[in-house]
Amino acid sequence: MPKNNQSTYAETVKKSKNVKDRNEFKSPVSEQVREDAVKEIIFSSIEKNNKVIEELDIALSKGTSKAMSSHVILRLAATNIDLRISKEITPSQKRNLLFNISLPLELLIQDFDSNWWPLISNVWTGFNSKKKANGDSSHTYTCRLTKHNQSSTRKEGIPSNKRRKTKIRPSHFVHNITSLTFIRNKYNGRLTFPTIFYTMNPSVSPATNIDLRISKEITPSQKRNLLFNISLPLELLIQDFDSNWWPLISNVWTGFNSKKKANGDSSHTYTCRLTKHNQSSTRKEGIPSNKRRKTKIRPSHLCFAKIKVQKFVAEGKVCVERFENSPDHTHSLEESDKVKRPQAIRNLVEQEAIKNYRPPAILNAVKEYAAETMDLKSSVKELRLKEVTNIKYKVRGTLDAHLIGSSEREKNIQESIFFLEQQKYQVERYMISNKFTHGFVFIHQKQIENLEKYGWLTLIDSTHKTNRYDYRLFTLYIRNGYSCWDVGAHFFVSNENSDTIAEALKIIRQFAPHWKPRYFLQD
C-alpha cells in the first residue's frame, strides 16, 4: 500500500476518541496496514524521545540543568506505550516485541502484568532480581533454552519397562545468552525495559582477535606492553593466555573481585598493585634500633588503573579489556617490576632450582636466559639473590621431604641407629632424666684413631634443621697430619643445654679413652 495511505491511517487512529470508532475504522483495513501503522506510531515516539535526550545532553554539558535521577533518564530513552497504543497492538505483535527487544520499551505495570508478560512468560526464566527500599524492583530474565548445566545420565541396570519416559533437553542451546532486564517504578506505576544484554561474549566484535599464529610472533616484551595499558580489547585462547600472556604481567595486577557463572564462564577485575588502598601502619615507639626489623613502607594510592578479564569456556576464549572509565597507569612498567617479579621469571628460577645449583649460579643463568631468549631484560634486572634463595628453599624443601624420615620419632631413631651399626659405627643412646633430654652418639673406628692421635685441638660445631624433630647435630673436628680439618665424632641431642652436651662428650671419651684434648674451639 502507498505510504500516504499508511500516514492517513495512523493520523485517523490518533484522532479517534473512543474504542468503538477505532474498531469501526480498522475493520476494512488489512492486517499488514495495521501493523505498519502501529510501527509508525512507535517509531515516531522514539524520535521524540531522542530529541528530548539530545536537548538534555546539551543542557547538562552547559551546566544549565539540574542533576536528574537515573530512572527519569531511562523513561525518556524508552519508547512509551500507553494503554491506547497497547490496545492497538495484537498479541502476536506483543510477543515479537518482547522476544527480541531492539529498543527499550515503557509500559504501565498493570497493563504489562495482565496483557504483555503472560504472552511471553514461556520464553524467559528468572536469573536474578533486586528490590529497593522504596518499592522499585529490577528483574533479569534469561532465555529458557539457555540451560547452563547438562542433564544427568540415566542409571544403568534398570529394565526399559520400569524406566520413566523422559526427554533430555540439550544445554547451552542458545549461542548468545540473552538476558531481559526491566525496572518497576512504584510511584509512577510504569515499567521500563532499559536494555537487552548479550552476555555470552559481549566484546567479540570490537575486540582484537589474537590467534596462536599471531601470538607466537609477538615477543614477551610486546605482550607485556599490550597488557599494561590496554587501549583496545584483546581476544585470546584461554590456554594461550594462561600459559604465555598472564605470567608475564602477573606482578602488575592484583585481584579486585570476581564472578563465576553456572555455565563455567567467569569475570575477573584486577587493579594495579601500586593502588594499595590502605596506608601502612606506623612503627611502635620505644624499641631499640638494633632490634627493629628492616622493612620498607610503600605509599598508598599511587595508581588507579583496572582491567577486566572475561573467560568464556564454551568458546575457549578470553577477552581482556580496560575496566569502565579506568585511567592509564601513573608509573612505568619498570616500577612494577621493582615491587614484584612476574610469574614467568619465578618459573625460570624454580626450573633451575630443581637442578640443585647454588643460588648465585641460578641467578646468573636466569638473568642471561631471560635477557637473551625471552626479551625480558628490564624485568629480570630487579631479581635479587635473596629472592632466588627463598624460591630454591621452597622447591628443594618439597623434593628433599623423603630424607626427613618417618613421622614417628622413636621408630625413626631406631632405624637410624640400625643403619649406623650396619656401617660399623659404634652407637650409644642416653637420656638426662632431670632435664628430660636425650640423644645418641655415633663414632667410627677410624675416627677414634684420629681423635686419639690429633685430638689435642678439637673444634665443636652444631647444625640445625636437619630433621623434623629439631634435634641438633654436633660434630667434633680435628686437624689431621695433612693440616686439614677432619671429622672426629658425631652426636644428636634434643636440647643444647650443658648437661646433655657434657654427657655426650663423656661417652665419646669412653669410646676413645686416649683422647686428651688441651684446647676446644667453638664458632
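Residue numbering: from 1, along the chain as shown.
Backbone N, Cα and C define each Cβ position, glycine as well.
Worth saying up front: this structure is predicted, and the values here are computed from it rather than measured.
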Of the residue ranges 1-28, 141-168, the one that TrEMBL records as region 'Disordered': 1-28
Secondary structure tally of the domain 'ZSWIM1/3 RNaseH-like' (420-516) (DSSP, helix then strand then coil): 27 helix, 40 strand, 30 coil
Segment-level pLDDT (mean, integer) for the domain 'ZSWIM1/3 RNaseH-like' (420-516): 91
